[in-house]
Amino acid sequence: MLDTSEAGGPAVRRRWFALLLRDRFATAAAVVLILVALCAVLGPLYAGDLATRQNLRAPGRPPFGLDHGWAFVLGSDSLGRPVAARLLAAAGTTLAVAVPAVLCSLVIGSVWGMWAGYHGGWRESVSLRVADVILSFPSLLLAVVVLYVFSPSAASLVLVLAVARIPVYLRTARAEAAELRSRLFMDAARTFGTGGWAAIRRHVAPSVLPTLLTVAALDFCFVMLAESSLSFLGIGIQPPDVSWGLMVAQGRQELQSAWWIALFPGLAIVVTTVSATVLASWARLTTDPGQRWREGLGRRSRGLRSDRGSRGDRGSRGDRRSRGDRGRSAAGDAATEEEREEERSVPGSAAGSGARPPGEGTEADVLVVDDLSVDVHAPTGPVHVVRRVSFAVRSGETLALLGESGCGKSMTAHAVAGLLDPVAEVVGGQVRLDGVDLLGLGARARRRLAGPGLAMVFQDALSALNPVHTVGAQLAEPFRIHEGLSRRAARARAVELMERVGIPEARSRAEAYPHQFSGGMRQRLLIATAVALRPKVLIADEPTTALDVTVQAQIMDLLGELRAEQRTALVLITHDLGLAAEHADRVAVMYAGTVVETGPVAEVFGRPHHPYTRGLLASVPAEQHRGARLTSIPGSPPEPGSVPAGCTFRTRCPMARERCATHRPALTGTGAGRAAACHFGKELADA
Ligand SMILES: Nc1ncnc2c1ncn2[C@@H]1O[C@H](COP(=O)(O)OP(=O)(O)OP(=O)(O)O)[C@@H](O)[C@H]1O
């Protein structure tokens, strides 16, 4: 599939043509298919009634004799009709059945399958059952029944064959779309409001269609053979019309005495099918973004390649990975020292650029999470992974959600952003964005709010960017969806955005693919997509974990600058206390799915009111620990399914008493703007 950015225009067609000429097999296949198409159109005119004229005085004339004119060069059949003339006449009939049948089943099956796979749930189940029902009938038997009921004609043949093949495309498209549904770049697109058909068209179709094209090429052969069987049974193409399949079927009976009658139409079917398959494989390989980089297809890739040629071929590294692998591999894998150097010199990213606002805004809270609870539906029953979590954040403020791995930070963020897995469900609480309860909104209203309302930056930027689209096309998507800009105008905004987040040579690099960027650059691109619509709230889920310290600082500074510029409320999810200390205004410390302490970062870190926060701080290497042994919290957080009764932290707590085993402490105020969920919170506050 051509990327939308490059579709159309004589220049693109010329590039495709040049690429085709480079591949000998693909060129030969294209020539064969063009010849077949010409035969199909001109053959019947040229052959005239030669194809049907019987000559019973000269039946079964052998091939390769030129004494009786060109029409008999491939011999004649048992009724004396010239095989060459019949082949030409049959090309039109064969393609008139096979091409529409394959196209109809391809279009209907693919669209249906992508829709079912993308949405999942009942749509997927019902679609699969329908496909099962169609597949459970042997397709030829189904065709025989239908064609006996309706009068046999080319049109009814097309209809029957198309219906019989729809499930093949439906199942293939569904499987691929269902796999894509869970990919991070789909979540990323949902966060700025891409949903329904737009998501299918932009994100699912480009990945799924190359596979479907290959299936279609193979199906071409099946359809031609099915047509021949039906014609042989007398319910397909009706004499005096003739198709290649019908010629094979008729010649089969005389294979011993007159082999040429079946052989030449058989060869025509094989050569046409093989050519279609070769061309489909070529198209598939050529449209793979990694392959396109190597081949130099794309407006700017040639320029990019020459710019970067001296640095070693990063493009070929991308080629070695499959499309899926590129989507899943770790974000930081591509950064070379040179790229990092490039990032260090990015304008506006110097450490300590002073962009962080004081976080003491007078505005009301823009995001309020109130008593939010999330369950995961396990085979053994619901498991509470987030329990009654509450926090709020104001415009221009940064709130850090802290805690060990598995304590529910990401689950909370996904619930807030409406990106929970199907196995998880919000079972209580509210999420209010500017007073609007997000959880009560329908899918359409929620999509309208996504992007300008609440956006998200993910940890793994490579997975969160779609590997089959150029970054320019991806950055343009929010503008096209929410502001209805034309492709050109949206592209211009995308380039501006890339410049804003410090991507050098933004105009040319907008035509590159995600795998052609370093980890730090990809994270910048992801941030650019998230802030494109100036969201009121930005959730950054461990945005720097996979990056080295220098790039980490640049990314945090960039987030700080954008937050200050756009007055965005930032929810920073991290387990890095240093990062929170440096960049957050307030913190909410989570343990076993619930908030155990919250307050201004300096106060909480200076004098924690919960033993868990204390334990976390004591386990971080710091100046005051020099020469002393670092302490760590004994044990590990409980699994969500086996949280102890009473205080969830008591099994690891040095202060645990009897009461902790029986009473679960609520989050209660322990000072100005502070709260802790500990029976001894006040004690710790006053100590
Ligand atoms: N799709 C899922 N199915 C079942 N359980 C899940 C799923 N996703 C998360 N969990 C469970 O929910 C709990 C909270 O997970 P979550 O990812 O929110 O933790 P986290 O604090 O963000 O951890 P990390 O810092 O490692 O990302 C964990 O116990 C995890 O095993």
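Note: Cβ is positioned from N, Cα and C throughout, glycine not excepted.
Unlike curated entries, TrEMBL annotations are predicted automatically.
These figures come from a predicted structure and were not determined experimentally.
As recorded in TrEMBL:
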COMPBIAS  291-328  compositional bias 'Basic and acidic residues'
COMPBIAS  346-362  compositional bias 'Low complexity'
DOMAIN    91-280  domain 'ABC transmembrane type-1'
DOMAIN    367-617  domain 'ABC transporter'
REGION    291-362  region 'Disordered'
TRANSMEM  25-47  transmembrane segment
TRANSMEM  87-115  transmembrane segment
TRANSMEM  135-164  transmembrane segment
TRANSMEM  257-282  transmembrane segment
- Note on the structure: Same-chain residues at least 6 beyond the ends of the transmembrane segment (257-282) with a Cβ under 8 Å from one of its Cβ atoms are 20, 23, 25-26, 28-30, 32-33, 36, 60, 62-63, 74-75, 77-78, 83-84, 86-87, 90-91, 94, 213-214, 216-218, 220-221, 224-225, 228, 244-245, 247-248, 250-251
- Message: Are there residues at least six beyond either end of the transmembrane segment (25-47) with Cβ under 8 Å to its Cβ atoms? List them, or say none.
- Response: 71, 85-89, 91-92, 94-96, 268, 271-272, 274-276, 278-279, 282
- Query: In the same chain, who gets a Cβ under 8 Å from the transmembrane segment (135-164) while lying at least 6 residues past its ends?
  - Reply: 93, 96-97, 100-102, 104-105, 108, 223, 226-227, 229-230, 233-238, 241
- Query: Mean pLDDT for the domain 'ABC transporter' (367-617), as a whole number?
  - Reply: 89
